[in-house]
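Peer 1: Okay, here's the structure, questions in a sec.
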Amino acid sequence: MAVEEGIDDYTQDGTVDLKGNPVRRSKRGGWTACSFVVVYEVFERMAYYGISSNLVLYLTQKLHQGTVKSANNVTNWVGTIWITPILGAYVADAHLGRYWTFVFASLIYVTGMSLLTLSVSIPGLKPPPCHQANIDDCKKASTLQLATFFGALYTLAIGTGGTKPNISTIGADQFDDFHPKEKASKLSFFNWWMFSIFFGTLFANTVLVYIQDNVGWTLGYGLPTLGLVISVMIFLAGTPFYRHRVPAGSPFTKMAMVIVAAARKWRVPLPSDPKELHELDLEEYARNGKFMIGSTPTLRFLNKAAVKTGSTDPWMLCAVTQVEETKQMLRMIPILIATFVPSTMIAQINTLFIKQGTTLDRHIGNFKIPPASLAGFVTISMLVCVVLYDRFFVPVIRKWTSNPRGMTLLQRMGIGLVLHFVIMAVASLTERYRLNVAKQHGLVENGGQLPLTIFILLPQFVLMGTADAFLEVAKLEFFYDQAPESMKSLGTSYSSTSLGIGNFLSSFLLSTVSDITQRDGHEGWILNNLNKSHLDYYYAFFAVLNFLNFIFFMAMIRFYVYKAEVSDSMHVLTEELKVMRLKASNQEAAKGIA
């Protein structure tokens, strides 16, 4: 009995320690290991948002850039921040593993943050102060100054490319999908993961932006740099408790093999019985802590990669499970595309939304509210909604749907998409009201501050946090959950890729709309003087874009097929192995009798 309990204590999902030895469930992983990961994320988000939240104001006030240029520089950098995780996921899955990829990338991250702090602290690395109403009259930053500042920013971006796709995956890896209790815990992990992210963000959007605006940029950037160093040390301290996955090879290569093999055999007919397709032995999957995936009719053309033609070349013959893993990654691409537009809306928080705040009355008595601190309401709203959703909404709706999550991940994402349409409609109406007040007080031409409280922008920030509680949490969990076991880092990077492309799309739309609306002598929708601009038209355009994107999303989810549950697949595999071993045992017994 004691031996059976000892065997049962080992994880069944193939996780190991850093030396490659199987790990005991009671010794590693679970919420104990996750606590180090979650605490790391609180500090790291404080560091990242301590830079990004107020970056547009540093570019305009200290580097003397205009509205469109500064906003695009922010979104291009943030886009890079979210795109580089594809590279980090590749390195982790194919070569170093998630842990070591994260460790090396975090050192690059710290280097970038340190250089950035120096660039805002040394007088020679920034242009002289300017208090002219028109930014065009101020001295621009030199090539050296821009190279130092943006070099630090993009060094930081390279570092986050290795940390972002792996840290949440490392956290999720601490729970065994083949153990009922741990699998149940993982269902709550992503909600609390997002909670930790936005807790760190809240500190950045309140305390750090206030320090930057009222004390100085040196301390304002120095504190998040220190926070990042502390967070890396906390993560390393948890090393003895982590479960690790051995690199399973490049997911891009595996997918390419399937596509090439199917293309090379496009004329080969598919057998009527899927069992005639090439597949590895059940014992091999069980030995590696993996599970077999049966052939499915979706993306049927790819099944040709598993048709036996006599060749064993991996670029000519792939196992059915490898084909199905490729299908799983490809099936998610239409859903990924549907998240680009809402990610573009998120990009407005740290750009145009903040620029709007600079035109409004920010005083509460003698206290002056930093415009970037309004992003804190996104955080607060999101935190409240995540708790309410996880603790109250899910238990109630679960009784009706019998779904452990309450509703499907795509349904949760759909609610978030609807909220993004509402957000931009509200933002457009609010901006129209702000512009009317500017006209009434004769503040259009001089771009002066309006006698209107900054809190009129509060609804769009609060609604953005509510949308995040639905869309962003579900998106992260969806791309992790639906990715094959050997491609979890790549699946997680889908979520960050969505935000990256959304930011690049924001830069493209802002530049394009600004250019088109200024043609033929028109003043344009987006100017340095926001009181003369028409952000209300721009936000209305975004509302229409969100509506069209929602229709696209609804069309795509009609064809989406969720992958089989891992636990169910493992159960089937175990039962089939028992049958195979029983047959083998009977055959051996029969031979002995004979």
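From the backbone N, Cα and C atoms, a Cβ is placed for every residue, glycine too.
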Peer 1: For the feature transmembrane segment as recorded in TrEMBL, pick the matching range from 36-54, 74-92, 454-472.
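Peer 2: Within the set 36-54, 74-92, 454-472, TrEMBL attaches transmembrane segment to 74-92.
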Peer 1: Would the transmembrane segment (537-561) count as touching the transmembrane segment (189-211), i.e. at least 3 C-beta pairs under 8 angstroms with sequence separation of 6+?
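Peer 2: Result for the transmembrane segment (189-211) with the transmembrane segment (537-561) is no.
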Peer 1: Quick one: do the transmembrane segment (374-397) and the transmembrane segment (409-430) have at least 3 Cβ pairs under 8 Å, skipping pairs fewer than 6 apart in sequence?
Peer 2: no
Peer 1: Have the transmembrane segment (335-354) and the transmembrane segment (74-92) got at least three CB pairs under 8 Å, pairs 6 or more apart in sequence?
Peer 2: yes
Peer 1: Ranking 74-92, 217-237, 537-561 by the number of C-beta pairs under 8 Å to the transmembrane segment (98-118), which range is first?
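Peer 2: Between the candidates 74-92, 217-237, 537-561, the best contact partner of the transmembrane segment (98-118) is 217-237.
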Peer 1: Would you kindly list the residues that approach the transmembrane segment (217-237) from elsewhere in its chain, counting only those six or more residues past its ends and only Cβ-Cβ distances under 8 Å?
Peer 2: 36-37, 39-44, 46-48, 50-51, 54, 58, 62, 102-103, 106-107, 109-110, 113-114, 116-117, 120-121, 167, 204, 208-209, 211
